[in-house]
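One structure is given below, represented as structure tokens, and several questions about it will come after.
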């Protein structure tokens with residue numbers, strides 16, 4: 001790894017350290033990280049293919065699931081190939097513009113994913129609380145607009161982050177980023193100028209996305225549970241709640257790692273740096289790995305279609 005003088009300068013590139021403090025373990029860490037990335041890619045592509053070929057799955061909930069699959073592919077692919085290159089070849093160098101693009105993709109699509117979960121909560125609310133109007137309210141056009149709105153929100157919220165760094169903070173104390181990818185706070189911490197505006201904006205966006213989205217999702221489920229409790233029989237209540245199980249699991253898989261990582265980053269000053277970096281990578285890997293598993297296990301149509309594909313493949317062999 002090259003060394004750089006600790007003098008303010010305008011860099012053309014940065015050096016990503018991978019997992020700081022665990023450099024001697026990089027080659028071994030590549031095995032679980034590479035395996036998890038492969039599982040994430042195969043699982044999400046499988047979800048996309050199954051929903052595409054199975055016409056019974058052409059419903060709002062599964063269209064939103066396809067959006068999640070695409071987002072998870074973007075999130076994992078924006079970080080894992082570079083991390084594996086660091087592990088295998090020590091290729092930590094990344095250009096300034098590439099670093100800012102990576103930062104934008106990570107934070108933008110994490111914001112988009114939160115928006116899709118909010119749209120899925122709205123879908124479940126309409127399906128359970130007003131089932132007769134579900135097909136009229138959640139048309140394919142409306143689903144597409146909700147997905148586009150989530151994307152535009154992510155771009156508008158996160159777009160200023162790399163622009164403010166590029167325009168307001170051109171000087172850096174060092175070019176070495178003690179992280180495995182260009183996370184916003186890790187890059188801002190290296191700048192020589194006044195970064196308070198960047199810090200306040202980043203925290204504000206985190207509040208708007210995580211806190212407000214999670215509150216809106218929680219409010220929708222309060223209304224859903226009230227409607228479910230009004231059903232006549234226990235079997236009807238369990239069946240109705242079962243349609244929300246996959247969504248609730250996916251929400252927990254997404255929000256819990258982010259919340260834990262954020263809390264440790266802000267308050268866990270005595271937590272070793274490798275733990276910070278590992279958690280930051282896990283919150284980008286865990287949802288892409290587990291979302292396809294959760295929906296494949298809990299969704300009868302997806303499960304049956306997968307079994308049919310596997311049986312067909314076996315017969316061909």
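Here the Cβ of each residue, glycine as well, is placed from N, Cα and C on the backbone.
These numbers come from a predicted model, not from an experiment.
What TrEMBL records for 43-295 is domain 'G-protein coupled receptors family 1 profile'. Look at TrEMBL and you will find 25-50, 62-89, 101-122, 142-165, 205-229, 241-264, 276-297 tagged as transmembrane segment.
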Mind checking which residues reach the transmembrane segment (241-264)? Cβ under 8 Å, same chain, six or more beyond either end.
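Beyond its ends, the transmembrane segment (241-264) has Cβ neighbours at 61, 68, 110, 113-114, 117, 120-121, 124, 127-128, 206, 210, 214, 217, 221, 224, 228, 271, 275-276, 279-280, 282-283, 286-287, 290-291, 294-295, 298-299.
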Between the stretches 25-50, 101-122, 142-165, 205-229, which one has more Cβ pairs under 8 Å with the transmembrane segment (276-297) than any other?
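Looking at each of 25-50, 101-122, 142-165, 205-229 in turn, the most contacts to the transmembrane segment (276-297) are made by 25-50.
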Verify whether three or more Cβ pairs under 8 angstroms connect the transmembrane segment (142-165) with the transmembrane segment (62-89), leaving out any pair fewer than 6 apart in sequence.
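Yes; at least 3 Cβ pairs under 8 Å.
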Cβ pairs under 8 Å with the transmembrane segment (205-229): which stretch of 25-50, 101-122, 142-165 has the most?
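Out of the listed stretches, 101-122 contacts the transmembrane segment (205-229) most.
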Could you tell me the mean pLDDT the prediction assigns to the domain 'G-protein coupled receptors family 1 profile' (43-295)?
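That region's mean pLDDT is 91.
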